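Asks: Below is the structure I would like to discuss, written out as structure tokens.
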């Protein structure tokens, strides 16, 4: 369709397959290719049944085609995307990176969605980042946040080989995002793979140090406003209870602190609802891809009219 941007999904695992279902519903993006390296991949088989062109010969195959996609969504691993990113750029393909490679600027929709719509490569940070950085941002836009710490607890069953291979990059990339996008002066990220059966829904705890005389009501309202914004693309994102304000103590390092508890229930497109950590990643990536497509199509239409 002329009014949709063509898309290739690189990677054929859990995240890529869930992403495919979201992209198929998009009014702005048309998934046409799925690329993997395993010929027996369930993701490739599903994509074929849904009418996509598939290959297990990787990025080499995709870039050798006579028709190239307008946009690539990559959900492989950090080191794979680092190698492929310059090749996408050379071919003029916009890249949305769902690995922790962080080749391009990180994007968390409530915080900085519109800042990087013209970037050739954008990074979706991490699942923990997508769930928690909006809360740090909600606090830091009201008061100074000298330190923020996030703890993401996800079901072990939702963490495939790619997630496990990227654990070190996860903590580095998320910590950097807490600072650079969330607005904290210092940030720390911790991920817990919870082995409980039946699998637990994704839960996140966000600690933000705040000034002594901070306006608690303004912080609480800002948090609720950002939660509502995230819910426009992840309906299962919710506060578990009211933000909690604590006086300085030995436990919190002598800081005045606000603590936010959220949980993320997935939409159940391909992954089970407990895998909210993966669902928020694919939903946020779809949101960013759609905004890039809208901007690009609007610019094209404007140029044609001129």
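Glycine too: its Cβ is placed from the backbone N, Cα and C atoms.
According to Swiss-Prot:
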type: ACT_SITE; residues: 127; note: active site, acyl-thioester intermediate
type: BINDING; residues: 12, 13, 14, 15, 158, 159, 160, 161, 162, 163, 164, 165, 166, 277; note: NAD(+) binding site
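Just tell me what is around each of these and how deep it sits.
Replies: Using a 10 Å Cβ-Cβ cutoff, residue 127 (active site, acyl-thioester intermediate) registers 31 neighbours.
Note: residue 158 (NAD(+) binding site) has non-local neighbours 14, 199, 202, 271, 272, 274, 275, 277, 278, i.e. same-chain residues 6+ apart with C-beta under 8 A of its own C-beta. Under the DSSP three-state reduction, residue 158 (NAD(+) binding site) is assigned to helix.
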Asks: Count the other Cβ atoms sitting within 10 Å of the Cβ of residue 12 (NAD(+) binding site), across every protein chain shown.
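Replies: The answer is 27 other Cβ atoms.
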Asks: If we count other C-beta atoms within 10 Å, could you say which of the binding-site residues 160, 162 has the fewest?
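Replies: Counting other Cβ atoms within 10 Å of each of the binding-site residues 160, 162 gives the minimum at 160.
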Asks: Between the Cα atoms of residue 12 (NAD(+) binding site) and residue 127 (active site, acyl-thioester intermediate), what distance do you get, rounded to the nearest Å?
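Replies: Pair distance, Cα basis, whole Å: 18 Å.
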Asks: Quick one: give me the count of other CB atoms within 10 A of the CB of residue 166 (NAD(+) binding site).
Replies: 20
Asks: Express in Å, rounded to the nearest integer, the largest CA to CA distance found among the NAD(+)-binding residues 12, 13, 14, 15, 158, 159, 160, 161, 162, 163, 164, 165, 166, 277 named in the record.
Replies: 18
Asks: Give the number of CB atoms, excluding that of residue 14 (NAD(+) binding site) itself, located within 10 Å of its CB.
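Replies: Looking across every protein chain shown, the total is 22.
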